[in-house]
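Worksheet: one structure, shown below.
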Amino acid sequence: MILISDATLRDGNHAIRHQLSAAQIHAYARAADEAGIDVVEVGHGNGLGGSSCLLGQTPIGDRLMLETARAALRTSRLGVHFIPGLGKAADISLALEIGVDVVRVATHCTEANVSARFIEQTRAAGRTAFGVLMMSHMAPPDALLAQAKLMERYGAQAVVLMDSAGYSTPSLVRAKVERLVDGLDIDVGFHAHNNLGLAVANSLVALEAGARIVDACVKGFGAGAGNTQLETLVAAMEREGHDTRTTFERVMTLARGTETFLNPKTPHIQPANIASGLYGLFSGYVPHIQKAAQEFGVNEFELYKRLAERKLVAGQEDIIIEEASRLARERDVQRATGGVRVRELSA
């Protein structure tokens, strides 16, 4: 049976600058529970401890968000996203105290070693720990397997590949998921973003390659161009004969019901979303990049290229300002030197 992890109340928070209310969390968690969703993930878009001036502040704290969801769930498990460095061990302790069932410990795809103490902390409490490798497009299959094996060694009961930038095509997904499935003794999962319009297709390919966990959001509600759309995914999974706890009819009832209390808009794929996917940048960076390009008067798409050269990962918003400022200075020098590009002068 395929496990569906619903990130609407976590990744969806990115789409509204992390402003979900307690009432919305309670209503959606209850509806998702009734729809037979396996795991309902809740929190700031960047996970436990993510609320900040840099990343965006939530109107309510982690405790109230999790307590609200916990009270609404009966059969669905409560999950959280945790990035070491943004969150602390105390944040996991709080989540476990409240009754979180699944802790997804997420690291950059080449930094799994920082997940050890948090996976161990979760397992010691008798709860489920998943490892998550973010920005998975930035590492080849063998490197991802080596990192996933570390998480497995630390006690992770599954490893999820996160296509955080919406960069991947089906062939890339197949190669990476197959490598992990063949090399691990634990389940493999996949989390897609829709920057190139491939989220559902990539999720189906991941399942064909042996993944047993897929992430999705109602109406695709999520960062950038959105996540895998839950209703579309479940319909396609039924067509392909995948067994789940839910059905298309149940998730359609869930989606329609959200119009009264959540009203998530299915994201449209904008040129900026395509650019962030093409250049492999975290989907949540789009509004920050657009703002910086406007403030410094530089070309938005040139800024995407520059940031891609820096190989940005989540949590490096300050570098967006740095590169926009550098582009502006280069433009000013170019004008002063009669059109000679700064990079030509330094070559």
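Even glycines carry a Cβ here, placed using N, Cα and C.
These features come from Swiss-Prot:
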ACT_SITE  H14  active site, proton acceptor
BINDING   R10, D11, S164, H191  substrate binding site
BINDING   D11, H191, H193  Mn(2+) binding site
DOMAIN    2-252  domain 'Pyruvate carboxyltransferase'
SITE      R10  site 'Transition state stabilizer'
Task: Residues flanking the substrate site, with Cβ no more than 8 Å from the Cβ centroid of R10, D11, S164, H191 and excluding those residues themselves - done: A7, G45, H81, M162, H193, D215, G222, A223, N227
TODO: Rank the recorded positions H14, H191 by the number of other Cβ atoms within 10 Å of each Cβ, and give the residue at the low end.
DONE: H14
Task: C-alpha spacing of H193 (Mn(2+) binding site) relative to D11 (substrate binding site), in angstrom - done: 10
Open item on the list: Please list, in sequence order, every residue of the chain apart from D11, H191, H193 whose Cβ lies within 8 Å of the Cβ centroid of the Mn(2+) site.
Closed with: A7, M162, D163, S164, A192, D215, C217, G222, A223, N227, T228, S283
Open item on the list: For the C-alpha pair, I'd like the distance in angstrom between H193 (Mn(2+) binding site) and R10 (substrate binding site), rounded off.
Closed with: 14
Open item on the list: Through the lens of DSSP with three states only, how would you label H14 (active site, proton acceptor)?
Closed with: helix
- [ ] Please state whether DSSP places S164 (substrate binding site) in a helix, a strand or coil.
- [x] coil
- [ ] Specify the count of other C-beta atoms within 10 Å of the C-beta of S164 (substrate binding site).
- [x] 30
Open item on the list: Counting only residues 6+ away in sequence within the same chain, which have a CB under 8 Å from the CB of R10 (substrate binding site)?
Closed with: E41, V42, G43, H44, G45, G47, V80, H81
